[in-house]
Amino acid sequence: MAPRYHSAAEADTGVCGETKSRDSDALYDLPLRDPEEDQTTVALHPGSGEERFPVFQSEFTSVPVSDGGANGVTYPVGGSRKEQDEISSRGPPAYSLEIRGKTSEQLAESGADDEGTNGEKQSLLVPCLAVFSSNYNFTVTSIALFLMNQDPLYKDASDTVVGSSTVKMLSYAGAIVGMCTMGYLGDLIGRRLAMILTLALVFIGALLSSICAWGDGVTVLVIMGVCRFVLGVGSGGVYPLSAVSAAEGAGSEKSNDRSMRVSWAYSMNVPGIMFPYIVALVLWCTTHNVDVCFRILLGFGALPALLIWLPAWRMKEDRAYVAKDFAKHLAGVFVSRSYWRQLLGTGVCWLLYDVTAYGILLVQPEITQSIWGNSSSVTDVIWQNIILNGMGIPGCFMGILVLKQMGVKWLQFWGFVGLAVSAFLMAATVEILQGKAWAQLVLLCIVNFFINWGASITTFILPSLVFPPEVRSTYSGISAALGKIGAVGGIYTMKAILSTGGLTPMMICAGVPSLAAAILTWFYVDPVPNTLRSSFLQCFGSLAGSCPFIDCRKFRRGSRAFE
């Protein structure tokens, strides 16, 4: 997966990295692509003539521009206001570089960055609460249906065609649709308007699923399924839009700054997953009325969307992110083969991660009942899931803490390895620890830690870093949609295996996709032509980064992206 820049000095080798030109100390950001040739083309306009040269394997490039004088002064194009003031004081360059239809002189006059809102850092309030809202609404479906099964009316309906599994499936089907459509709208009409639309759908879907589901058990589940589909479209759209908005609002082109902002936005994922169980515990301890409990649980999901709807209207956005021509934008999204290759590192890894993560997380009530037995009370099951999901909090924040140290690639790699090993370990000890419920719960907590420690963060970050701004939201949505496809497959697969084969085969099947994703991460995330020895040095050297006080970046010099 190519990083955001590389220099003209590396054009012949295709090696990617954020380095300076061999002819100059200046860096230039030139987003010019020729999708048909699957390469970058930089156009130079020396007076009346025109020169072009190709630069492969990169979305942006860096070239020196000479003023033609005796001193051989070079001029940065784009860049910060200070750099552009220096350009003005030296005089105009002899070559005019066209960037997205603008010459370097026009860019220098406007002082606008190629990306972002003119370098102004934006608040993380909307992305953070949007992520919280999305994960709350995805998770609350499972716990609400679990509570509904305590009532014979709904329990009998769950055994029909429109059972609880169908309601969950409709929620995730809506999410897949929302991720693709809202991600695309984020590029077409802008991140702000698309976010406003997604929040409106979340509010409507959550509210209607709470107040409109009345009647017999089957009718309630049918209405709830339709409403959760609408909510899923909105909640799914939150994923690409919140990640891209957080990254582009960094006020900086540095991938470290962007990745940290996206990771902090994603940190609301764990509270969003955990909060439905806390609300359910309070409600169930207050009243054992199933109707009251599940309706308040579902309706609460509308509140975060309502709270941030007005701040979303006030979000600032650069017009450069809005597609001017619908047809050209549509063609540009799907024409480049390099984008689809990058999906192996973003979308397919996300798919494999969600097979494991959602397969385990959303059947945790069933897993805990298989550990403790069906005699556990509703309160016990809720407490057990609060404890399990609570392990995600240190996992998530420890992952964020070492993100800069380890780098996105190796944090994802070791996250997948840790998740696979912990799942296999739990599978191997099920028979040994039979009857020792708390020992099995500890192992399940370790699995939950690795679910949130590595790949959970990086799969959310990567699409917002590696794709160019014109298609960033679209491909972030496609990557997230692939993840939700994996989630749907994981839910059905893990639940079926758990009910037929037990916990041991289920945990084995949960570990295999993580192992496959670790292999894909090695080869398709930031691929750099290193020797095998160098790659292993980077890989195992990055383990030192798991300690926040040790700088392991010197071990990863051959892997320059996302540092």
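From the backbone N, Cα and C atoms, a Cβ is placed for every residue, glycine too.
Feature annotation from Swiss-Prot assigns region 'Disordered' to 1-51 (among others).
The region 'Disordered' annotation in Swiss-Prot covers 67-96 (among others).
Positions annotated as topological domain 'Extracellular' by Swiss-Prot, on the basis of a curator's inference: 1-127 (among others). Confidence in the topological domain 'Extracellular' (1-127), given as mean pLDDT, stands at 41.
As annotated by Swiss-Prot, topological domain 'Cytoplasmic' applies to 149-168 (among others), with the evidence given as a curator's inference.
Residue counts for the topological domain 'Cytoplasmic' (214-217) under DSSP, helix first, then strand, then coil, are 1 helix, 0 strand, 3 coil. Marked as topological domain 'Cytoplasmic' by Swiss-Prot on the basis of a curator's inference: 214-217 (among others).
Feature annotation from Swiss-Prot assigns topological domain 'Extracellular' to 239-263 (among others); the stated evidence is a curator's inference.
Residues in the topological domain 'Cytoplasmic' (285-291) partition by DSSP class (helix H, G, I; strand E, B; coil) as 4 helix, 0 strand, 3 coil. The topological domain 'Cytoplasmic' annotation in Swiss-Prot covers 285-291 (among others).
Residues annotated as topological domain 'Extracellular' in Swiss-Prot, with a curator's inference given as evidence: 313-342 (among others).
Per Swiss-Prot, the feature topological domain 'Cytoplasmic' maps to 364-380 (among others).
Sequence annotations record features per position, and here Swiss-Prot assigns topological domain 'Extracellular' to 402-412 (among others) based on a curator's inference.
With helix defined as DSSP H, G or I and strand as E or B, the topological domain 'Cytoplasmic' (434-440) counts 4 helix, 0 strand, 3 coil. Among the features that Swiss-Prot reports, topological domain 'Cytoplasmic' is placed at 434-440 (among others).
Positions annotated as topological domain 'Extracellular' by Swiss-Prot, on the basis of a curator's inference: 462-477 (among others).
For 499-504 (among others), the entry in Swiss-Prot reads topological domain 'Cytoplasmic', with the evidence type a curator's inference.
Residues or ranges marked as topological domain 'Extracellular' in Swiss-Prot (evidence: a curator's inference): 526-563 (among others).
The feature transmembrane segment is assigned by Swiss-Prot to 128-148 (among others), with sequence analysis given as support.
The transmembrane segment feature in Swiss-Prot is assigned to 169-189 (among others); the stated evidence is sequence analysis. Beyond the ends of the transmembrane segment (169-189), by six or more residues, the same chain brings 137-138, 141, 195, 197-198, 201, 205, 225-226, 228-241, 244, 321-323, 326, 329, 333, 470-478, 480-481, 484-485, 487-488, 491-492 to within a C-beta distance below 8 angstroms of the stretch.
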Task: Listed stretch, out of 381-401, 413-433, 478-498, 505-525, that has the most CB pairs under 8 angstroms to the transmembrane segment (343-363) - done: 478-498
Task: Ranked first among 264-284, 292-312, 381-401, 441-461, 478-498 for CB pairs under 8 angstroms with the transmembrane segment (193-213) - done: 292-312
TODO: Sort out the residues at least 6 away from either end of the transmembrane segment (441-461), same chain, that have Cβ-Cβ distances under 8 Å to it, and list them.
DONE: 239, 243, 259, 262-263, 266, 269-270, 346, 349-350, 353, 356-357, 360-361, 364, 367-368, 371, 384, 387-389, 391-396, 398-400, 403, 408-409, 411-416, 418-419, 422-423, 425-426, 429, 433, 479, 483, 507, 514, 517
Task: Helix, strand and coil residues within the topological domain 'Extracellular' (239-263) as assigned by DSSP - done: 19 helix, 0 strand, 6 coil
- [ ] Kindly report the helix/strand/coil residue split of the topological domain 'Extracellular' (462-477) according to DSSP, in that order.
- [x] 11 helix, 0 strand, 5 coil
Task: Helix-strand-coil residue split for the topological domain 'Extracellular' (402-412), DSSP-based - done: 9 helix, 0 strand, 2 coil
Task: Within the topological domain 'Cytoplasmic' (499-504), residues counted as helix, strand or coil by DSSP - done: 4 helix, 0 strand, 2 coil
Open item on the list: Under 8 angstroms for C-beta pairs, at least 3 of them, ignoring pairs fewer than 6 apart in sequence. Is the transmembrane segment (128-148) in contact with the transmembrane segment (478-498) by that rule?
Closed with: no
